[in-house]
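These come from TrEMBL:
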{"type": "BINDING", "residues": "Asn18, Lys19, Gln20, Asp21", "note": "GTP binding site"}
Amino acid sequence: LLLVQDELRDVPVLVFANKQDLPRAMSVDDITEALSLSGVRQPWFVQSSCAVSGAGLVEGLDWLSDQILKK
């Protein structure tokens with residue numbers, strides 16, 4: 001419900017799909033579907049990540065930075 005607020009319509013959404021190093025981790029596609037992101041109006045991105053190793057963190061923040069700079 002938060003993502004449909006008019007005040008947030010132009011705010012980019014970054015979702016970190018953490019714990020991707022674990023065998024039962026949800027895939028990016030599964031997370032996208034579970035969060036119904038295909039219906040979200042603003043730019044969004046799901047980045048697979050592993051906080052322990054740092055994998056994916058820079059890529060996700062780079063995407064967010066690019067989105068902010070576009071404004």
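Glycine residues also receive a Cβ, built from the backbone N, Cα and C atoms like all the rest.
Applying an 8 A CB threshold to same-chain residues 6+ apart, the list for Asp21 (GTP binding site) reads Cys50, Val52, Ser53, Ala55. Of all Cβ atoms in the protein chains displayed, 17 besides its own lie within 10 Å of the Cβ of Asn18 (GTP binding site). Taking the Cβ of Gln20 (GTP binding site) as centre and 10 Å as the limit, one finds 18 other Cβ atoms among all the protein chains shown. Residues within less than 8 Å, Cβ to Cβ, of Lys19 (GTP binding site) and separated from it by at least 6 positions along the same chain comprise Ala25, Cys50, Ala51.
Secondary structure at Lys19 (GTP binding site), as computed by DSSP, is coil.
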